[in-house]
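Beneath this line is the structure, given in structure tokens, with notes to follow.
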Amino acid sequence: MSEDNFDDEFDGSLPSGPRHPMARRFRGYLPVVVDVETGGFNSATDALLEIAATTVGMDEKGFLFPEHTYFFRIEPFEGANIEPAALEFTGIKLDHPLRMAVQEEAALTEIFRGIRKALKANGCKRAILVGHNSSFDLGFLNAAVARTGIKRNPFHPFSSFDTATLAGLAYGQTVLAKACQAAGMEFDNREAHSARYDTEKTAELFCGIVNRWKEMGGWMDDDD
């Protein structure tokens, strides 16, 4: 299915009257940055262990900024596979007494509720996932939505913005830490592979790239 066909089938509609600048910027889509930490690479069989989502706002001059972050540690679904190498890579300790993990459905319900509020505030019809190697995050998000049976998923099911690609274009770097450093951002490798930290850094990187493009005259609001 093409994106245009998906738009035709979408059951929401944009508000009448003047459109919010954010809605004009991305054709009615609201960028929401997502990062997941998992028990492996297979979204169908491997556990979702952490998820974070950062909504993106726009100031009065049309520049983007990271707005609000939602973060949850997740209880592995029943029968989930967890590779020891994945835990070693992320540093996640499933038996940590302060982990305070929740079920997938509870986490997604809360995140989606916040995203729907952001959609309404920005006059947007749908969220579009932003991620570093975004197909990975979108795959795990879609798998969790399917497992939980959640019907009101605000995200486009297959379109996304990939900051690995954008950073390769803008800075010649595709690794998140190196891309952030090339963009003049601080990046603490000790904090990396936490869904919250990686999401917030990816959001900062995405906003910086989009804002830099605007400053170069690459996008002008038709209503400016």
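Using the three backbone atoms N, Cα and C, a Cβ is placed for every residue, glycine included.
Feature annotation from Swiss-Prot assigns domain 'Exonuclease' to 32-206. Model confidence over the domain 'Exonuclease' (32-206) is summarised by a mean pLDDT of 98.
Annotation source Swiss-Prot lists Mg(2+) 2 binding site at ASP35, GLU37, HIS193, ASP198. Annotation for GLU37 (Mg(2+) 2 binding site): same-chain Cβ neighbours under 8 Å, separated by at least 6 residues, are LEU49, GLU50, ILE51, THR90, ILE92, HIS193, SER194, ALA195. Under the DSSP three-state reduction, GLU37 (Mg(2+) 2 binding site) is assigned to strand.
Take the CB of ASP35 (Mg(2+) 2 binding site) and look out to 10 A: across all protein chains shown you find 30 other CB atoms. For ASP35, the entry in Swiss-Prot reads Mg(2+) 1 binding site, with the evidence type experimental evidence.
Within the same chain, residues at least six positions away from PHE41 (site 'Important for substrate binding and specificity') with a Cβ under 8 Å of its Cβ are PHE136. Residues or ranges marked as site 'Important for substrate binding and specificity' in Swiss-Prot: PHE41 (among others).
If you look up Swiss-Prot, you'll see PHE89 (among others) marked as site 'Important for substrate binding and specificity'. The local packing around PHE89 (site 'Important for substrate binding and specificity'), expressed as other Cβ atoms within 10 Å of its Cβ over all shown chains, amounts to 11.
Residues or ranges marked as site 'Important for substrate binding and specificity' in Swiss-Prot (evidence: sequence analysis): PHE136 (among others). Classification of PHE136 (site 'Important for substrate binding and specificity') by DSSP places it within a helix.
A strand conformation is recorded for PHE158 (site 'Important for substrate binding and specificity') in the three-state DSSP classification. Other Cβ atoms within 10 Å of the Cβ of PHE158 (site 'Important for substrate binding and specificity') number 14 in total over all chains. Among the features that Swiss-Prot reports, site 'Important for substrate binding and specificity' is placed at PHE158 (among others).
Per Swiss-Prot, the feature active site, proton donor/acceptor maps to HIS193.
Of all Cβ atoms in the shown protein chains, 17 besides its own fall within 10 Å of the Cβ of HIS193 (Mg(2+) 2 binding site).
Within 8 A of the CB centroid of the Mg(2+) 2 site residues ASP35, GLU37, HIS193, ASP198, the other residues of that chain are VAL36, GLU50, ALA52, THR90, ALA192, SER194, ALA195, ARG196, TYR197, THR199. Least packed by the Cβ count within 10 Å, out of the recorded positions PHE136, ASP198, is PHE136. A helical conformation is recorded for ASP198 (Mg(2+) 2 binding site) in the three-state DSSP classification. Mapped onto three states, the DSSP output places HIS193 (Mg(2+) 2 binding site) in coil.
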